[in-house]
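S.K.: So Swiss-Prot has the following annotated:
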type    : residues                                                                                               : note
BINDING : SER9, LYS41, LEU73, LYS87                                                                              : substrate binding site
BINDING : SER9, PHE10, HIS17, GLY88, LEU89, ARG90, GLU98, TYR123, SER124, TYR125, LEU126, SER127, SER128, SER129 : ATP binding site
SITE    : HIS17                                                                                                  : site 'Transition state stabilizer'
Amino acid sequence: MKTAVYPGSFDPITKGHLNIIKRASKVCDKLIVAVLVNPEKKGLFSVDERVEMIKRVTKNHSNIEVQCFSGLLIDFMKEKKSKVIIKGLRTMSDFEYEFKMALMNNKLDPNIETVFMMTNAKYSYLSSSSVKQVAMFGGCIKDLVPDEIIPDIKKKINHKKECI
């Protein structure tokens, strides 16, 4: 059984992330969405909240698991007996960064492969940071994040606008 891992902070999960998750789940037997615990970074949502939101939006996909991890991704991969990392790419700058990370991961464990998936063009501009910015300034995020998590974002940002 081939298990792949799609790591990220997902703060919050976007429609771009969800697009990669759904597509990646079709090319492996099991996909683990691995939510990074970064104690040096204060996110909008806690790790537990992010895990719960991703579970909510992927609940109809039986081969998707959502877990958190801290430390080296390679250690998490070994623990989960996975040899495949899934990474989504939006732009050339994403590729440059992710290529370096893939080389480092391969240096740490030559058995690990990184598979790059191109983001759907309609999400190529989208990032969790831009979602937070748009929401904080009262913009509409309906086309940016899954509908199921809009109430979570509204509550965190304490926003009253209807089309957030």
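Backbone N, Cα and C atoms are what each Cβ position is placed from, and that goes for glycine too.
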S.K.: If one measures from the C-alpha of LEU126 (ATP binding site) to the C-alpha of LYS87 (substrate binding site), what distance in angstrom results, rounded to a whole number?
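M.R.: If we compare the Cα positions of LEU126 (ATP binding site) and LYS87 (substrate binding site), the gap is 15 Å.
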S.K.: List the same-chain residues at least 6 positions away in sequence whose Cβ sits under 8 Å from the Cβ of SER124 (ATP binding site), in sequence order, or say none.
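M.R.: Expected: GLY16, ARG90, THR91.
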S.K.: Compare the C-alpha of SER128 (ATP binding site) with the C-alpha of each of the binding-site residues SER9, LYS41, LEU73, LYS87, and give the closest one.
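M.R.: Of all the candidates listed, SER9 is nearest in space.
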S.K.: Sorted by position, what residues of the same chain at least six away from LEU73 (substrate binding site) have a C-beta under 8 A from it?
M.R.: VAL5, PRO7, ALA34, ILE85, ASN105
S.K.: Going by DSSP, is HIS17 (ATP binding site) part of a helix, a strand, or coil?
M.R.: helix
S.K.: Through the lens of DSSP with three states only, how would you label LEU73 (substrate binding site)?
M.R.: helix
S.K.: Which Cβ among the binding-site residues (LEU89, LEU126) has the fewest C-beta neighbours inside 10 Å?
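M.R.: Looking at the binding-site residues LEU89, LEU126, the Cβ with the fewest others within 10 Å is that of LEU89.
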S.K.: Taking the Cβ of GLU98 (ATP binding site) as the centre, how many other Cβ atoms fall within a 10 Å radius?
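M.R.: There are 16 of them.
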S.K.: Is it possible to get the count of other C-beta atoms within 10 angstroms of the C-beta of LYS41 (substrate binding site)?
M.R.: 9
S.K.: How many Å separate the Cα atoms of LYS41 (substrate binding site) and GLU98 (ATP binding site)?
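M.R.: Spelling it out, the Cα of LYS41 (substrate binding site) and the Cα of GLU98 (ATP binding site) are 20 Å apart.
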